[in-house]
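Remarks on the structure that follows.
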């Protein structure tokens with residue numbers, strides 16, 4: 001800012017100049033003249049600088065800020081997260097010079113109106129007393145003799161005209177109060193819905209049993225019910241909305257897992273030597289099935305996020321109840337459907353054309369069919385000792401194409417040595433024995449020349465993808481029989497497969513000649529059904545519970561062992577060992593029982609003997625597809641997969657012919 005002389009000095013100089021002009025002109029200054037016009041002496045401080053005109057005209061710029069000059073600038077605070085003192089860069093610059101707590105009340109509020117009313121009453125009482133006092137003075141001047149009477153009248157008037165301000169208060173007992181708190185989880189909500197639905201069904205049954213007169217009386221009583229009660233009973237309208245909201249909440253809860261399922265790809269696979277990993281995603285479990293083992297897994301053929309889990313026990317000394325649960329990846333915290341049974345469920349299968357039909361096999365030899373469209377927990381069809389059933393546990397069931405009359409049918413295999421075909425009629429299950437397993441060389445002569453046959457115990461079977469009548473059966477003796485629906489007494493072929501019970505057999509989804517088997521003798525074997533010796537043998541150092549082919553490749557399969565590990569093989573990458581060996585259960589004591597590939601997504605599900613089902617994502621190395629070459633289109637399809645597996649089998653065949 002430009003430096004200027006003080007205003008007072010300028011005004012003094014101006015006054016002196018005016019005084020000189022007045023003296024020169026010969027005019028006199030009166031007493032009423034401005035005092036600034038009188039002569040005054042210039043007072044200069046001793047330390048004032050002598051500045052030139054250029055220095056006086058020089059400008060100096062100053063910037064004003066709102067910072068508090070007294071605020072500290074070097075504050076440090078201790079950070080418990082990092083364990084050190086951290087410098088605080090932001091300091092509060094606010095300086096409070098004056099503060100006062102007020103109690104202003106708005107005029108329009110209730111308290112403001114009450115104060116205004118009290119002020120008016122007080123002002124009115126003061127005016128009335130003034131009027132009464134003035135009247136008494138007039139009466140005293142006019143009628144002095146009647147002084148006593150006038151005083152009495154004025155006292156009475158003052159008592160009547162002055163309204164006394166009164167404060168009224170009331171006191172009452174406070175209303176009773178209680179603190180209520182509770183937590184609601186998904187299964188409690190679901191149980192409440194189920195109880196409400198059961199109540200509605202019971203009321204409907206009671207109404208059907210009532211007489212017409214009782215129904216009229218019931219209608220009259222229903223009219224008297226309050227609307228609130230009628231609304232609380234009808235919850236079927238909100239079940240679908242509640243299910244959607246529950247899925248939204250779970251999607252928010254497991255958002256990181258959902259993101260990994262959809263988008264995560266393990267970038268470290270590029271630096272691994274053709275090896276892959278399994279990324280754990282969701283873990284499915286239910287308190288009601290906590291002590292039951294996972295005995296069966298099956299994906300729904302229509303809804304790729306839905307799968308069924310069978311619960312039972314493989315220990316024949318600890319047999320109890322069974323459960324059938326259906327989970328969705330959209331809601332991993334609670335099953336979509338829950339069915340319970342008196343006997344343990346050992347196997348299940350879902351129909352391809354009717355995905356709402358689930359067939360299960362029980363430990364007591366019965367089979368049952370559940371209809372997901374019907375909410376009640378009882379199966380739609382159930383075998384019985386009267387209508388016919390297996391005498392030993394049912395180890396596997398499998399839906400087949402409809403018969404000539406378009407009736408649904410399925411097959412079952414049991415330890416009693418029978419392969420049974422079941423047909424669904426309108427109200428019952430009809431069964432026929434397809435084949436009875438007999439151990440070759442197990443015939444002995446009994447009394448009276450009777451021949452006794454040793455029965456083979458079936459443990460697993462699988463039907464050919466193209467040849468409808470052909471299927472494979474694995475037994476407890478370690479043999480695999482190739483059977484036909486047309487021959488009930490003979491086998492097409494017999495394979496000396498394993499030294500212990502065969503736990504699973506499975507045809508390759510692409511190659512019509514190749515199938516795979518696993519056993520408790522620690523081995524997984526791959527076969528060509530035209531050759532009686534295995535093409536590949538893999539020793540996994542533990543009992544193998546289950547095997548499954550990958551749906552996207554003819555050379556990829558997975559196996560699970562009782563030591564808690566999952567093994568993934570790709571024969572086109574490594575013919576000698578697995579490209580992934582990974583433990584997938586929390587504790588070493590947990591035994592993995594089953595594994596299944598998702599038909600669309602690159603994930604697998606594995607179940608253990610503690611009732612847990614874990615979902616795992618395959619890394620890119622475990623699902624390698626053919627690489628694109630410049631100027632060439634990548635060939636895909638069943639023919640390419642068949643040729644890829646044929647190439648490997650031909651190498652093995654050449655080695656076997658040479659030896």
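Glycine is no exception: its Cβ is also placed from the backbone N, Cα and C atoms.
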From 1-47, 48-94, the residue range that TrEMBL assigns the feature region 'Disordered': 1-47
The annotated region 'Disordered' range in TrEMBL, which must be one of 108-135, 136-163: 136-163
Residue counts (helix, strand, coil, in that order) that DSSP gives for the repeat 'WD' (495-528): 0 helix, 20 strand, 14 coil
